[in-house]
Amino acid sequence: MNIGFIGAGHMGSAMIEGLLKAKIVAPENLFVKGGSSGTAEALQEKLGFQLINDYEPLKKCQVIFIATGAKIVLDILKQAAPSMEKDTILISVATGHTVKEAQTVLGDEIHVVHAIPNTPVSVNAGMIGAAFASDMPKETKNEAMRVLESLGKVEEVNENLLGTFGTVAGCSPAFVDIFMEALADGAVSEGLPRTLSYEIIAQMMLGSAQLALETKKHPGELKDGVTSPGGSTIKGVTALEKNGFRYAVIDAVKQANS
Ligand SMILES: NC(=O)c1ccc[n+]([C@@H]2O[C@H](COP(=O)([O-])OP(=O)(O)OC[C@H]3O[C@@H](n4cnc5c(N)ncnc54)[C@H](OP(=O)(O)O)[C@@H]3O)[C@@H](O)[C@H]2O)c1
């Protein structure tokens, strides 16, 4: 299979890395068109895919991703449309447009998927929300799912939920990164080395997430299991509540989604 990419910025490069790691496409079958800043060229030197300068080579691709800024995505699709063969799957990860708008630009012969991924796709541990054109044939949808699932877990959602899905799955890695950094600051101030602190914290978060996914227990129940009466954990939990931790998190989601 040949895969095409328009845009290799933060999200584009994370997906390109994930697709190559998953070996769903070989570097010689991956055609990437970047913008003008040289980001795609630098990535090409590292990953060895086919760098393209115009949309023409996309004719060879059965699946094309677009990962450009939201404001320009429909204009770029208009320019790229003549280079898309019938039955191409177009996966847009750009925000700010609908499946219908992309479909209007591309015509009925192209199958449009609107997906919102997050940066862990680069290590094939992404959380991706996907909305499909309503008339997409089953085999085409399965093929799009196969490609997306190589990057992580995929949930099909109604397109009007993609925005909030993107906030929770796409913005939260930054919230979690700040939480990890703050935990490490606390650990370092109590005497643990910095590098060791980051390693402990990342593994702890991975384990906590795995426990939640595998047991399907309510987060409150998992928390109760760690807090023994009069123990140190409940003292920490009390400090978090006193400092408005829950409200800070809820407000972060609300602000990011506004
Ligand atoms: N970052 C995330 O976590 C995330 C999550 C979900 C969805 N998204 C969505 O994904 C899209 C991209 O986000 P991003 O964070 O990756 O932004 P970004 O880092 O700014 O990347 C956008 C890329 O598009 C390239 N570009 C512009 N015009 C182009 C053209 N004509 N042909 C090919 N490439 C072109 C730019 O290249 P040059 O800079 O070289 O000009 C840039 O590298 C956005 O719509 C965003 O909302 C992002």
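Each Cβ is built from the backbone N, Cα and C atoms, and glycine gets one as well.
Feature annotation from TrEMBL assigns domain 'Pyrroline-5-carboxylate reductase catalytic N-terminal' to 3-95. The NADP(+) binding site annotation in TrEMBL covers I6, G7, A8, G9, H10, M11. What TrEMBL records for 159-256 is domain 'Pyrroline-5-carboxylate reductase dimerisation'.
Features per TrEMBL, on structure.
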residue : record               : CB count, 10 Å
I6      : NADP(+) binding site : 27
G7      : NADP(+) binding site : 27
A8      : NADP(+) binding site : 28
G9      : NADP(+) binding site : 16
H10     : NADP(+) binding site : 12
M11     : NADP(+) binding site : 21
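Looking only at the domain 'Pyrroline-5-carboxylate reductase catalytic N-terminal' (3-95), the predicted model's pLDDT averages out at 97.
Residue counts for the domain 'Pyrroline-5-carboxylate reductase dimerisation' (159-256) by DSSP state, with H, G and I taken as helix and E and B as strand, are 82 helix, 0 strand, 16 coil.
Secondary structure counts, DSSP: the domain 'Pyrroline-5-carboxylate reductase catalytic N-terminal' (3-95) has 43 helix, 19 strand, 31 coil. The NADP(+) site is defined by I6, G7, A8, G9, H10, M11, and by the 8 Å test on Cβ atoms against their centroid, the other residues of the chain that qualify are F5, G12, S13, M15, G34, T39, A67, T68.
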